[in-house]
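My structure is below; once you've seen it, I'll send some questions.
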2 protein chains.
Amino acid sequence: MKKHNFSAGPSILPQEVFEKASQAVLDFDNTGLSLIEISHRSKEFVAVYDKAVALVKELLYVPETHEVLFLQGGASMQFLMTAINLMKNEGGKAAYVDTGAWSSKAIKEAKLFGEVEVVATSKDTNYNYIPKGYTIPSDADYVHITTNNTIFGTQFKEFPTTEVPLVADMSSDIFSKPVDVSKFGIIYAGAQKNLGPAGATLVIIQKDLLGNTGRTIPSMLDYQIHIKGESMFNTPPVFAIYVSMLNLEYMKAQGGLKAVEKHNEEKAAMLYNEIDNNPSFVNSVAKEDRSLMNVVFLLKDESKDAEFLAACAEAGISNVKGHRSVGGFRASIYNAMPKESVQALIDVMKKF
Amino acid sequence: MKKHNFSAGPSILPQEVFEKASQAVLDFDNTGLSLIEISHRSKEFVAVYDKAVALVKELLYVPETHEVLFLQGGASMQFLMTAINLMKNEGGKAAYVDTGAWSSKAIKEAKLFGEVEVVATSKDTNYNYIPKGYTIPSDADYVHITTNNTIFGTQFKEFPTTEVPLVADMSSDIFSKPVDVSKFGIIYAGAQKNLGPAGATLVIIQKDLLGNTGRTIPSMLDYQIHIKGESMFNTPPVFAIYVSMLNLEYMKAQGGLKAVEKHNEEKAAMLYNEIDNNPSFVNSVAKEDRSLMNVVFLLKDESKDAEFLAACAEAGISNVKGHRSVGGFRASIYNAMPKESVQALIDVMKKF
Ligand SMILES: Cc1ncc(COP(=O)(O)O)c(C=O)c1O
Ligand SMILES: Cc1ncc(COP(=O)(O)O)c(C=O)c1O
Ligand SMILES: [Mg+2]
Ligand SMILES: [Mg+2]
Ligand SMILES: [Mg+2]
Ligand SMILES: [Mg+2]
């Protein structure tokens, strides 16, 4: 039976990517060597790295002002790195928009490096909307947002306009649609949703923001050092970068991010439509803020939750249990999720 | 033609490991899903993680006092993490033995967190021996050594006896032989030599050393947080951990680290024997400190270097060029390197 994998991350990637990655682990590009036994400084791997960076630049129209890095440590390491690289050593201050658990964790790390002003939060209603109409202090070193809230199923559809550098955790919606990178000081994302396997972290940085804190930064946390080393200051996560490169090639072949976005909008519309029209289910996120990536929903009759999960399992549908802080269900429908799988879920909902 | 991969890292792993890893990327344990699309919190992956940790404990006889972690960031991140976790906030001081480029980099990061006393160095002779007979100050928070010097081809055969916690970068000789873990406060290693692919970092820590610095440590740099999260405080490098687990299983099936050590000693003896007996080649490392992992050697007639590399290439031998700071040649003969490949290199040397 076909499996429908709705995991929130690590998560589904295109079958073609799995096949090519599997082959490369045996014999990389007919070199007679496995991808994972070659030096990261070999011309073969440097070509992979350069291609991955070039594809990120091409798909997202990254301007010359910005650099692309593939690091280790996940988005969680970026909570710390964004703060240490941007917050002034003396009198540093940053503004954060709190839209859920991931924002809160980012705030916690930033507080170690300076003053944090939470300029808006949707905590009052368990994060079921994206705050609007707040003021970002003009003396902040940067403002931080989480563009898609993986747990709560909300997503920024418009980004705040501000004079201070905009820093965005795009872990769960990067490459799901076009984004104007020039509006951002830093974009970061753990690879393990729309980009690739766990173990790589994409960072896109406006270069001229760096080196201005008056702070001594440990080498591995210093973006300038990673830029200088072209992500090879130390050994990079070779396999995760290679698979990301394959997936970026796949997105390009699909027609780029406009095509990807259209597909994502259609899938999300199918599912939200079912939730709205099916009397047994409900989605409690503000309509204009609904995530196209993580669709959260509840059974009106909670006592049937286990029964619904069992019906899903029977149809080959896995990982639709909601996060414990929200309850109910969550269907993560990242780029690689086919309409056919979304339809399989809808079929179970209809019959339920 | 068979390839003989003498890369210093990332480097050769057993063929069986490549085959199983390749299969898991397509279909992990008949789950119908790829290893890289499943949640790190799934019972399937947690079982992989637990097995990897159990195998590390079994192969190295890790005592109950110590914890095993698989982190991201490479050994370079450990240069920073060891210091921030062990050096006292007020009046912190650490002792370092400087045996090469990697030690020097570790020293550089430690200096950001306290006083560093370099208690011994072999820099005077371009690091061609391991210093002995130095004194480790009893008021140091820890003493740091690099057990195998990947670039310079030296290796500690005995470890310093000291009252202060012993911290060791074992990146390039971990799992090459039995080690008495109880003697160490922290052992760390980037996976990409004897353990697995780039992207995972093994850390073995004596628990009661932690939490005593009086310092606020960012979450991602805090060993206590990673211990509490069983390496899943955030998304771990799933693929790299899985392949490491496969390779640990392979070591166990070989008979454990005593058997591995015997094989490594035999291989190294073959190669050093050729270097010593062949009038064209020379190894300038102090005999008692010669590395069993990275065998460095020079042609007496340097003008023939390119010719020798060409002869190697013709025999399918790759990556024997020495590091630029040493020149000549380096044959990395990690665990997975078969005698047959060492013999292939010796054959080229004999004919040269
Ligand atoms: C929006 C968001 N930010 C951060 C993270 C943490 O990422 P990592 O596990 O790579 O540190 C996640 C993980 O799911 C996420 O969804
Ligand atoms: C002994 C030693 N320490 C540290 C490192 C750095 O490791 P990483 O690239 O994982 O940071 C290396 C890399 O070769 C090494 O050989
Ligand atoms: Mg380049
Ligand atoms: Mg409804
Ligand atoms: Mg457990
Ligand atoms: Mg000789």
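Any Cβ shown, glycine's included, is placed from N, Cα and C.
Heads up, TrEMBL stuff is auto-annotated, nobody curated it.
In case it's useful when we look at the structure, here is the feature table from TrEMBL:
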| type | residues | note |
| --- | --- | --- |
| BINDING | A:ARG41 | L-glutamate binding site |
| BINDING | A:ALA75, A:SER76, A:TRP102, A:THR150, A:ASP169, A:GLN192, A:ASN234, A:THR235 | pyridoxal 5'-phosphate binding site |
| DOMAIN | A:5-345 | domain 'Aminotransferase class V' |
| MOD_RES | A:LYS193 | N6-(pyridoxal phosphate)lysine |
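For each feature listed, report its degree of burial, its nearest neighbours and the pertinent distances within the displayed model.
Sequence-distant neighbours of A:ARG41 (L-glutamate binding site) (same chain, six or more apart, CB under 8 Å from its CB) are A:MET232, listed in sequence order.
For the recorded site, A:THR235 (pyridoxal 5'-phosphate binding site), the DSSP three-state label reads coil.
Neighbour list (A:LYS193 (N6-(pyridoxal phosphate)lysine), Cβ cut-off 8 Å, at least 6 residues apart, same chain): A:ALA8, A:GLY9, A:PRO10, A:SER11, A:THR150, A:SER171, A:SER172, A:ASP173, A:ILE174, A:MET293, A:SER332, A:TYR334.
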Determine the most Cβ-crowded residue among the binding-site residues A:SER76, A:THR150, A:GLN192, A:ASN234, using a 10 Å radius around each Cβ and all protein chains in the structure.
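In terms of Cβ crowding, the pick is A:GLN192.
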Return the single residue from the binding-site residues list (A:ALA75, A:TRP102, A:ASP169, A:THR235) that has the minimum number of other CB atoms within 10 Å.
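Ranked by other Cβ atoms within 10 Å, the binding-site residues A:ALA75, A:TRP102, A:ASP169, A:THR235 bottom out at A:TRP102.
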Rounded to whole angstrom, what's the largest C-alpha distance between any two of A:ALA75, A:SER76, A:TRP102, A:THR150, A:ASP169, A:GLN192, A:ASN234, A:THR235, listed as binding pyridoxal 5'-phosphate?
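Greatest Cα separation within the listed binding residues comes to 30 Å.
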Are any of the recorded positions A:ARG41, A:SER76, A:TRP102, A:LYS193 near chain B, where near means a Cβ under 8 Å from a Cβ there, and if so which?
A:SER76
I'd like to know the mean pLDDT over the domain 'Aminotransferase class V' (A:5-345).
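Result for the domain 'Aminotransferase class V' (A:5-345): average pLDDT 98.
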